[in-house]
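Undergrad: Mind having a look at this structure? Questions to follow.
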């Protein structure tokens, strides 16, 4: 067993319970805020069924990442031997112990072909672009709704005035776009330029605020249902809402790119597959409770669920404090995460450039790993984002163009639309499918082959995913392909 040093690939260890809590916090991110609207649109029965199956497929893919991680550790253990061919069969199982953090990108470099490697990078890059677009839409839209008049009394349009007494030019969309520019240019751009990332104190603050926000939303919606009854009666199913629901489900269960950072520091990995299954089950119950109470408690669920609690009929001081806290919740959490995602995206572009145009004597550096959701245990990723590539100190056109593109493209998308549900469904349905399903399947297939043919030892049972049959890879692939087709049909307006 490795010690707690840099050579172990971790900055410290923690108990398995703490590690599982980190996994829970990572999964339950701001993507959950779009689920109640998706539930109300797709119908309660279809939503429960699809979210359950999507969560199961996500769990299967997560076990694939862990198995590939064990093979990657065996590869590194073999490389550390004095004699390259000194592989003793009796010592085989011990080399598969997960002692060193090997990011998904590093595993891709170990096991995948150049074509698959580039595909993996581009999938993550596009996914991170979607992440930034969601962030630069959610924060300004929340700010706009705090400033503008009520949205719960009736359905409002983006062309409606922010306030009746304000000039007509100051519509809700105009105010929203103003906040988009302020958020990106005034708030986030300086942090990206300075390479600022979250500190431990901000991590603690965002974790506590997330727990408080979700518990409050569930409690308030439940109280409203108990006192006033159901304000809406969603149908059992509405297949026209399949696309939004699937994309949000993928986005809501995204954690795969950060699994190595969370699993490796655990002091024990005993029965880790079963315990992660329990975490997925708890997250599923949490999502069902949040989404079903919201879908029935409000006549019109907003695409950012926290906005349903803003400017409501209860005007007491305590409720006002709670409502504004919930409205500010996405602003607090996403503003602190935006620079990390942006810096990681910039570094990914540089890695792809090095892969496609390699430099003599220069190794490919590690890829990603951050998301929307790496908000609660991403110190290693923050370090990668902050440091970038130390060998590249000189400024080139590429170094100027990439940061500009990274900030400009998501901002442009946010200026075009304030529909966070649309952005979340597209991000989850296309690049999200690649990150959550395709890349883990590619990794575990190549890792198993590498273990048999190069390491001359199969993956030990304790490190094996419970899903060994090729059937599971085919099932995930079929599910992902079917769902992407359904999402595309929904987007072009096909009725079912």
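Placed from the backbone N, Cα and C atoms, the Cβ positions cover glycine too.
Heads up, TrEMBL stuff is auto-annotated, nobody curated it.
Feature list, courtesy of TrEMBL:
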type: DOMAIN; residues: 17-456; note: domain 'Amino acid transporter transmembrane'
type: TRANSMEM; residues: 20-39; note: transmembrane segment
type: TRANSMEM; residues: 45-71; note: transmembrane segment
type: TRANSMEM; residues: 115-135; note: transmembrane segment
type: TRANSMEM; residues: 175-196; note: transmembrane segment
type: TRANSMEM; residues: 208-225; note: transmembrane segment
type: TRANSMEM; residues: 237-255; note: transmembrane segment
type: TRANSMEM; residues: 276-298; note: transmembrane segment
type: TRANSMEM; residues: 318-346; note: transmembrane segment
type: REGION; residues: 367-389; note: region 'Disordered'
type: COMPBIAS; residues: 367-382; note: compositional bias 'Acidic residues'
type: TRANSMEM; residues: 396-416; note: transmembrane segment
type: TRANSMEM; residues: 422-447; note: transmembrane segment
type: TRANSMEM; residues: 471-492; note: transmembrane segment
Undergrad: Grab the same-chain neighbours of the transmembrane segment (396-416) for me: Cβ-Cβ under 8 Å, and only residues 6 or more beyond its ends, written as numbers and ranges.
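TA: Residues 129-130, 132-133, 135-137, 140, 177, 180-181, 184, 188-189, 192-193, 342, 345-346, 349-350, 353, 423.
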Undergrad: Within the same chain, where does the transmembrane segment (115-135) have neighbours whose Cβ lies under 8 angstroms from its own Cβ atoms, ignoring anything closer than 6 residues to its ends? I mean 6 or more beyond.
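TA: Tertiary neighbours of the transmembrane segment (115-135) are 104-105, 108-109, 257, 334, 337-338, 341-342, 344-345, 348-349, 351-352, 355-356, 367-368, 370-372, 406-407, 409-410, 413-414, 420, 423-424, 426-427, 430-432, 434-435, 438-439, 442, 446.
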Undergrad: Tell me if the transmembrane segment (45-71) touches the transmembrane segment (276-298). I count contact as 3 or more CB pairs below 8 A, with pairs 6 or more residues apart.
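TA: Taking Cβ pairs at least 6 residues apart, the transmembrane segment (45-71) and the transmembrane segment (276-298) are in contact, with 3 or more under 8 Å.
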Undergrad: For the transmembrane segment (422-447) and the transmembrane segment (318-346), check the count of CB pairs under 8 Å (sequence separation 6 or more) and say whether it reaches 3 or more.
TA: no
Undergrad: Give residue numbers and ranges for long-range contacts of the transmembrane segment (208-225): same chain, 6 or more residues beyond its ends, CB-CB under 8 A.
TA: 25, 28-29, 32, 231, 286, 289-290, 293-294, 296-298, 305-306, 309, 322, 325-326, 329, 332-333, 375
Undergrad: Of the listed stretches 175-196, 318-346, 471-492, which one has the most C-beta pairs under 8 A with the transmembrane segment (45-71)?
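TA: Comparing 175-196, 318-346, 471-492 against the transmembrane segment (45-71), the winner is 471-492.
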Undergrad: Sequence-remote contacts (6 or more beyond its ends) of the transmembrane segment (175-196), Cβ cut-off under 8 Å?
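TA: Answer is 136-137, 139-141, 143-144, 147-148, 158, 162, 335, 338-339, 342-343, 385-386, 403, 407, 411, 414-415, 418.
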